[in-house]
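Below is one structure, written out as structure tokens, with a few remarks after it.
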Amino acid sequence: MRIDGHTRLAAVVASPIKHSISPFIHNLAFEKTHVNGVYVAWEIPESDLAETVENIRRYNMFGINLSMPYKEKVIPFLDGLSPEAQLIGAVNTVVNRDGRLIGHNTDGFGFFASLKNFNPKDTHIMILGAGGAAKSIVTQAVLDGAKKVSIYVRPQSLVKAKENFRTLLDQTDCYLEFHDLTDADHFQKELRQTDLLVNATSVGMDGESLPISIDTRFPKELLVADIIYQPFETPFLALARKQEIEAVNGLGMLLYQAAGAFKLWTGENMPTGAIWQELENIYNS
């Protein structure tokens, strides 16, 4: 990687963020595409967010990525939002267009790009969880033409979940339903008619917990996905694979959301195949 007077900067902004794999992904992409850029991690307090965004203009940066807790808090400092970022109400990528800062959200795009043989159009999808990741995935599914999306949460979270998806409910005609995750009978019944089941919660990061009953039976044509990539195989994915069901972890989502941001910044396609091999060497060891 060369750094000279023409090198442009990109960064990921969050707190905490020093653990992030994003600098590894993007700097490898800059190197392999011969784009003169460098990517760093900025761990900042909220009081520095406005100035950090202004620095994108000041230093003619490509832009920034954002993670928690700034995906929503950054919006007032931007000049505009992409359609998906408007629907989600959160931004993970800011693009500098000649000094005009536009917020995008590539999380949903990244998720579906990681499912190589799955097209959301006219499908029935079940999502576990209603947080930021779930909202990004559901929004992208709606934009891509999903027929029905069912969102499963704990009973005490049902009211909040519906409110969290209010904008999407008001502005789209996709059939969205909200259900109690503890109702195992209803869950199993709907699962028989479902094309894709997604765990969009953090349950399973400990390598032990399951977000659903261990007695759940998966239909043979189902695709199962988890947004978690550490551990490489969660108990949720292990349950699916034990039943010989195709199962995908969250490492691809991490890579392809980065690829979406890289394309917006540089106009270049990230060499995802080569970078995927490097990531697998790190996480599947």
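Every residue, even glycine, has its Cβ placed from backbone N, Cα and C.
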Quick check on the annotation: Swiss-Prot has SER20, ILE21, SER22, ASN92, ASP107, TYR229 binding shikimate, so which of SER67, SER150, SER157, SER202 does it put in that site too?
SER67
Record says GLY129, ALA130, GLY131, GLY132, ALA133, ILE227 bind NADP(+). Source is Swiss-Prot. Which of GLY108, GLY204, GLY250 does it list for that same site?
GLY250
In terms of Cα spacing, which of the binding-site residues SER20, SER22, SER67, ASN92, ASP107, TYR229 are within 10 angstroms of ALA133 (NADP(+) binding site)?
ASP107
Would you mind pulling the longest C-alpha to C-alpha span across SER20, ILE21, SER22, SER67, ASN92, ASP107, TYR229, which the record has binding shikimate, in angstrom?
18
Spatial neighbours of GLY132 (NADP(+) binding site) among the recorded positions ILE21, SER22, LYS71 [C-alpha, 10 Å]:
LYS71
Specify the count of other C-beta atoms within 10 Å of the C-beta of ALA130 (NADP(+) binding site).
24
